[in-house]
């Protein structure tokens, strides 16, 4: 069980009359052999160890990570999930969006301010690496925590699906024309605390804050702490009014902070709690459901841990019904509406993809932020960004994002750079938004929301964070299928945006443009002839051991064949691809 222990070099600086630390971490990203569920496989670790270490900071601290890529055969990078990166958009870590990936043998420094408290996590946002292990908790503590004094200690509880094969093989097997059911890789099991200790020490008469994170690539999880209630105090790093519930559903990417207590009646007992993988239509359920795990709330270290927790029916609390602690009212009036219709699709090679508005995200040659920073006033024109499904809003705009889920399954969607208000999220089968629904006057805020099958969700933000931010499904396999769009926020304030020279040099070293439109054209930024529009027919990535010769060939997005239209040919009324690199 992770504890709130800070392992770093801390330098004190005075900020606005208070003391803040600079948390400096030196990380070497390496392959490590691990067996969290008893099956040995290569995983991506830090400084020769796995699980990857937690990061602990306090509001106002500066977090600095000096990262060296020693994988030998794969580019990498770090994204800090839930951190809004105000004024540091280039640190968001999404490959070819905010920066270029970091090649083997080279280094990159990430630096950002821990400006908002909460439970976050970091992970690779490059080539589906985080299911291979590159992920860890990021906790920002609050000296002014409104729940201070209501708990005695805290622990971290991570949950994840787990695969015995490496990501490269899984994605290669998924992106084939014979996969006509759009079947994602199915996990071989689940792990809690990355295969570590699942027990939570809970002394009689005390309350523990449990920080729950779902690191999964595909599945949501159900959680119940035995016969006792849990009090939710935070959702996705947003304080909420204390809500007493019995069961919780945690989607991929989501986090919950809950309080769990032990009373005198628990003396001498070790109380079982149950985590179960959410039943999903992609699974063939056998007679015995094996994807669950029992942990214990330990009130007596000498007492046996033999009792089992049985749940007859999962009925979790609705994640869209929490009330923000500050009771911030619904944003409005609206300035813009961004409607995204999500559905399954296929590309011109009959390979299964996923589409917003009949289009799939295609990674471009120039990082999208670099385009916004270098094309002048043209950065307000969506056409200069290529096939990244761009949507542009001005500073101060109130934006409503409407996502119509045309698929019968539940999908978790995540927005970088913001905590959005969940205006409305109807039950499954409600159909697409018809404009007639009412809004929650005091909506909860979070950065991942599960959208029910055959239904929709409405989300609102104020454009107060200039930058380039992805909006995507947080099922990692669906990101690889292309279920991503791009928010270009306040481009009028991004012209000439100052990007660290080290990041520019990293792009140049790989042959990527650092200025101009999506193709790197600085002369005629409206010339789309060099844009990438085709989904690659092969997927290249990493697999251990490192091939002979050390570093793999430099991977580059595929060029559009000469004379081909800038729009991908549609099959089944769909098109496109996402961020798969090919070797040429």
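For all residues, glycine too, the Cβ spot is worked out from N, Cα and C.
Summarising the annotation, Swiss-Prot assigns signal peptide to 1-20.
Residues annotated as Cu cation 3 binding site in Swiss-Prot, with similarity to another entry given as evidence: 125, 416, 472. Within the same chain, residues at least 6 positions away in sequence whose Cβ sits under 8 Å from that of residue 472 (Cu cation 3 binding site) are 361, 413, 414, 478, 479, 483, 484, 485.
What Swiss-Prot lists as domain 'Plastocyanin-like 2' is 154-277, and the listing cites sequence analysis. Shown for the domain 'Plastocyanin-like 2' (154-277): DSSP residue counts in helix, strand and coil, namely 14 helix, 59 strand, 51 coil.
Look at Swiss-Prot and you will find 426-445 (among others) tagged as region 'Disordered'. Using a Cβ-Cβ cut-off under 8 Å and counting only residues 6 or more beyond its ends in the same chain, the region 'Disordered' (426-445) has close neighbours at 235-236, 238, 240, 320-324, 327-330, 339, 341, 402, 404, 406, 408, 410, 419-420, 452-456, 458, 460.
The DSSP breakdown of the compositional bias 'Polar residues' (429-440) into helical (H, G, I), extended (E, B) and coil residues amounts to 0 helix, 0 strand, 12 coil. Annotated compositional bias 'Polar residues' per Swiss-Prot: 429-440 (among others), in sequence order.
Sequence annotations record features per position, and here Swiss-Prot assigns region 'Disordered' to 536-584 (among others).
Under the heading compositional bias 'Polar residues', Swiss-Prot lists 562-576 (among others).
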Number of other Cβ atoms within 10 Å of the Cβ of residue 125 (Cu cation 3 binding site) across all protein chains: 30
Other residues, Cβ within 8 Å of 125, 416, 472 Cβ centroid (Cu cation 3 site): 79, 92, 94, 97, 414, 469, 470, 471, 479, 484
